[in-house]
Amino acid sequence: MLLGVNIDHIAVLREARQVNDPDILMGMYAAIIGGADQITTHLREDRRHINENDVKDIINHSRVPVNLECSINEEIIDFVCKFRPHRATLVPEKREELTTEGGLNLSTAGLENIINRLKNEGIKVSLFIDTSRENIDIASELAVDCIELHTGTYANIFNMLNSNIALTKYSIKNYEKSREDLQNLLKDELANIKHLAAYAKGLGLKVAAGHGLNYQNVASLTKNSEIFELNIGQSIIARAIFVGMKTAVCEMKELIK
């Protein structure tokens, strides 16, 4: 299974003090040395962390494929077409959200035209989608190269079941349930992800997954799964604070191999 390392949170740390440190390219190089198969980054409309110069540098200097997450905003798509990353993953975006909260609405007007424009530029296209067969069917009809299944629900249930988050201010209200209920929900969500990955592969789609994945919850996703790639960011950057980026990526690679 391949690992895409999302390096956005290096820029989050930089922007916290609005200085030029840490260097996004140094982080990228360390991730690649650690075994990253792909560099993933998200150019948001509000440029809250990664900016255009970062993306240009990443595309120009990465020796592994670059997966650029982006909204379908016209200005952003113009930029993507100009600098041509290996892949563009189309995601929904809200200014007020801390991170991407759900999958892309595949009935959005103009989506097919944007996909075709990107493909005409030689850019592979992926759609970040919620876990439903209907979304996969639509993605197949749109003739994209890849889908990325939103694993946020799985990650949230896992976290509430297997950590102390329920006892903190970060408790996830929707999953304040009994341990037995959480175990059943987790089993069902994991089975659903694996079933949908197999279904999508049967339609000729490559299947990636991501959102909320960490060193504790990835192992279950890798067993008997048709998912070919995981995109993971915050947990790797957080681990890197203590062990360094190279080691943090190596450890994740070991877990998903």
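Backbone N, Cα and C atoms are what each Cβ position is placed from, and that goes for glycine too.
If you take the C-beta of ARG17 (3-amino-2-oxopropyl phosphate binding site) and look for same-chain residues 6 or more apart in sequence within under 8 angstroms, you find none. As annotated by Swiss-Prot, 3-amino-2-oxopropyl phosphate binding site applies to ASN6, ARG17, GLY212, GLY233, GLN234.
Feature annotation from Swiss-Prot assigns 1-deoxy-D-xylulose 5-phosphate binding site to ASP8, HIS9, ARG44, HIS49, THR99; the stated evidence is sequence analysis. In the three-state DSSP classification, ARG44 (1-deoxy-D-xylulose 5-phosphate binding site) falls within coil. ARG44 (1-deoxy-D-xylulose 5-phosphate binding site) is surrounded by 20 other CB atoms, counting those within 10 A of its CB over all protein chains shown.
According to Swiss-Prot, the active site, proton acceptor annotation covers HIS42 (among others).
GLU69 (active site, proton acceptor) has a Cβ environment of 25 other Cβ atoms inside 10 Å. Residues or ranges marked as active site, proton acceptor by Swiss-Prot: GLU69 (among others).
Taken from Swiss-Prot, the feature site 'Transition state stabilizer' covers GLU148, and the record attributes it to sequence analysis. Other Cβ atoms within 10 Å of the Cβ of GLU148 (site 'Transition state stabilizer') number 29 in total over all chains.
Annotation comment: Swiss-Prot describes HIS211 as active site, proton donor, evidence class sequence analysis. The Cβ of HIS211 (active site, proton donor) has 24 other Cβ atoms within 10 Å, all protein chains considered. Secondary structure at HIS211 (active site, proton donor), taken from DSSP and collapsed to helix, strand or coil, is coil.
Counted within 10 Å of its Cβ, the other Cβ atoms near GLN234 (3-amino-2-oxopropyl phosphate binding site) come to 16, all protein chains included.
Within 10 Å of the C-beta atom of HIS49 (1-deoxy-D-xylulose 5-phosphate binding site) sit 21 other C-beta atoms, taking all shown protein chains into account. Annotated pair HIS211 (active site, proton donor) and GLY233 (3-amino-2-oxopropyl phosphate binding site), C-alpha to C-alpha distance, rounded: 8 Å.
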